[in-house]
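Record features (Swiss-Prot):
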ACT_SITE  His154  active site, proton donor/acceptor
ACT_SITE  Lys158  active site, proton donor
BINDING   Gly10, Cys11, Leu12, Gly13, Lys14, Gln15, Gly99, Thr100, Thr101, Thr122, Thr123, Asn124, Val125  NAD(+) binding site
BINDING   Arg37  NADP(+) binding site
BINDING   His155, Gly164, Thr165  (S)-2,3,4,5-tetrahydrodipicolinate binding site
Amino acid sequence: MTKVNIGIVGCLGKQGKRLVAEISASPNAQVSAGLVRPGNPYVGQVLGEIVGCNCSAKAIDSLEHLFDVSDIVVEFTNPQTLLECIKMAESKKKPLLSGTTGPAATEMVFEDYIKNIPFLWTTNVSFGVNILAKLVEEAARKLFDYDIEVWEMHHRYKKDSPSGTSLILGRAAAKGRNVPFKKAQYVSGTPQEARQDVNTIGYAVSRGGSDLSDHRIMFVSDEEMIDFNHRTLNKNLYAKGALKAALWLVKQPPGVYTMSDMMAAAE
């Protein structure tokens with residue numbers, strides 16, 4: 001069976017290294033190349049020797065070449081690089097999977113950019129988180145008069161706030177309540193007047209330690225609190241989820257997809 005050639009943008013970041021190792025261990029895929037910035041001292045070196053796995057692909061500094069040698073490209077970087085990848089993917093007509101987070105990525109309307117390729121963007125490739133989002137949507141619909149609060153704990157280096165995962169849960173709750181997401185949120189710590197009604201979704205953010213990822217969403221009434229929790233025990237779950245998503249996406253027709261689309265197709 002022919003293996004799917006997967007190119008990785010940002011291959012030497014934390015997530016990139018996990019992806020290199022996970023893909024290299026797969027019977028269905030292989031790393032075609034990994035992109036690093038021009039001038040990086042690892043350009044031309046074998047990724048397996050850098051990461052410590054069985055991978056013969058090399059680190060390169062040409063985005064165009066990465067797309068040329070890949071069946072699909074995966075990127076977990078930043079919004080500016082994501083835009084560059086979208087333009088190149090459209091030019092080369094190659095599928096693109098993005099896990100880039102942050103406000104700029106969250107506000108992008110990908111349908112304005114994607115015309116000729118299958119494209120999947122998500123702020124969390126964990127199957128558990130995306131299943132939780134479905135449960136949250138249903139809970140928000142049924143518990144229509146409960147207050148909703150989202151809390152997260154991440155490592156001290158986490159830049160975006162609230163995190164992409166918190167926003168996934170918030171969007172799910174807003175969808176369950178049938179209210180616009182942007183109007184249904186405030187960040188805890190602002191004046192209490194910010195909570196205008198039960199459809200306002202609150203966010204509380206904590207930072208500390210070096211390798212934490214914990215999310216809770218609470219539905220609170222005067223009489224009870226229902227608490228959903230997702231805790232990451234091993235960050236390899238993101239690499240596993242990204243590989244599964246890439247192997248699914250490469251077979252899809254052009255369009256903008258979500259993790260929900262992939263999970264629905266598997267039902």
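Residue 1 is the first one shown; counting continues down the chain.
Positions of Cβ are set from backbone N, Cα and C atoms, glycine also.
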Task = Starting from Thr123 (NAD(+) binding site), work out which of the recorded positions listed here (Arg37, His154, His155, Lys158, Gly164, Thr165) have their Cα within 10 Å, and give them in sequence order.
result = Gly164, Thr165
Request  = Just name the winner among Leu12, Val125 (the binding-site residues) by count of other CB atoms within 10 A of its CB.
outcome  = Val125
Task = Out of Arg37, His154, Gly164, point to the one nearest Thr101 (NAD(+) binding site) in space (Cα versus Cα); all of them are recorded positions in the record.
result = Gly164
Task = List, in sequence order, the residues of the same chain other than His155, Gly164, Thr165 whose Cβ lies within 8 Å of the centroid of the Cβ atoms of the recorded (S)-2,3,4,5-tetrahydrodipicolinate site.
result = Thr101, Thr123, Asn124, Glu152, His154, Lys158, Asp160, Ser163, Ser166, Ser213, His215
Request  = Fill in the CA-CA distance, Gly99 (NAD(+) binding site) to Gly164 ((S)-2,3,4,5-tetrahydrodipicolinate binding site), as an integer in Å.
outcome  = 9
Note = Students should find that the Cβ of Gly99 (NAD(+) binding site) has, within 10 Å, a number of other Cβ atoms equal to 24
Message = Between the Cα atoms of Lys158 (active site, proton donor) and Leu12 (NAD(+) binding site), what distance do you get, rounded to the nearest Å?
response = 18
Task = Within 10 Å of Gly10 (NAD(+) binding site) by C-alpha distance: pick out those among the binding-site residues Arg37, Gly164, Thr165, and say none if nothing qualifies.
result = Arg37
